[in-house]
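Below is one structure, written out as structure tokens; comments come after it.
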Amino acid sequence: MITFCLLHIDQHSDSWDVAYIGQVQQQIANGERAKAEDVDNNISVFNNFGTKKFPQAIIIGVKKGGTRALLEFLRIHPDVRAVGAEPHFFDRFYEKGLEWYRNLMPRTLDGQITMEKTPSYFVTKEAPRRVFAMSRQTKLIVVVRDPVTRAVSDYTQTLSKNPGLPTFQNLVFKNSSRGLIDTSWSAVRIGIYAKHLENWLQFFPLSRLLFVSGERLVTDPAGEMGRVQDFLGLKRVITDKHFYFNQTKGFPCLKKPEGSSRQRCLGKSKGRPHPHISPEVLLRLRDFYRPFNLKFYQMTGQDFGWD
Ligand code: A3P
């Protein structure tokens, strides 16, 4: 008898409720029967076919780059099985051990790829060594976005959880009169992509990494998904015909599968309006990032067009 179990992911937060996952796994172990439904935006179907494997590919970053969109788009592919929530194994839960991690993975059949996404891996010093220790063959995907917009997006997310937060301008400068950028603020630090990439290149050759443009993922999702599928060695199944531009949301959404009324756009926390930030502040931040961006273009051999 096939046992299905549903794992609901809170789309308003990318944090993983580990306790809940444990509970779901326990239900699977106990053979409890739950309602079976299609894989959807916020639902994973776990069944008891196949085996749990370490991920062969991980979306390692970057926070607010468009990582949820990429994962949800990839999950349309029949040869991709992914954990919906973020395991945070290589940064927060490493001491739990590799078997704990593998046990979180969905079962896959031969030829299917196991995946997960945890955007904080990209900026975690120990993560490259730890992923390498699991498998040096791991394919790594980084969704990058203009670091200035990314910083504002990051700030917007924090502000939504903490409305009393100081202004962006207050946080971005060490000393606003001299205009020095505060690189200890994580919203700024994460966007220094060249610096974080250096850590990964100590362990992985560039050919193991794919850099997805967060901007093109919005303007040309099918084109960007073509690159991703090629990198993963997958047949190009995800194409133009899977996407439509939702005018209300202002973002591409997935077309509904026939006969389903399920919402196929990402949740409210994805594609939020950003607060107004003065152009001078943004310009100063853009100047700050320029040399790091150029270094990043040089390292990756790709011009992302942020400058
Ligand atoms: P904003 O909310 O600032 O617009 P992540 O999933 O890594 O947290 O990234 C969130 C960002 O994904 C959003 O940031 C949004 O711009 C971007 N994004 C890319 N494609 C999207 C899509 N199809 N729907 C919603 N957001 C998308």
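Using the three backbone atoms N, Cα and C, a Cβ is placed for every residue, glycine included.
Just so you know, TrEMBL annotations are computer predictions that nobody has curated.
Among the candidates Arg75, Arg145, Arg264, the residue that TrEMBL annotates alongside Lys64, Gly65, Gly66, Thr67, Arg68, Ser153, Lys270, Gly271, Arg272, Pro273, His274 as binding 3'-phosphoadenylyl sulfate is Arg145. Cys253 is paired in TrEMBL with Cys265, the candidate among Cys5, Cys265 named as its disulfide partner.
Geometry remark: Ser153 (3'-phosphoadenylyl sulfate binding site) versus Lys64 (active site, for sulfotransferase activity), CA distance 6 Å. Look at Cys253 (disulfide bond): DSSP puts it in a strand.
For the binding-site residues Gly271, Pro273, counting C-beta atoms within 10 A of each C-beta gives the highest total at Gly271. In this structure the residues listed as binding 3'-phosphoadenylyl sulfate are Lys64, Gly65, Gly66, Thr67, Arg68, Arg145, Ser153, Lys270, Gly271, Arg272, Pro273, His274; their two most distant Cα atoms lie 18 Å apart. For Gly271 (3'-phosphoadenylyl sulfate binding site) paired with Lys64 (active site, for sulfotransferase activity), the C-alpha to C-alpha distance reads 10 Å.
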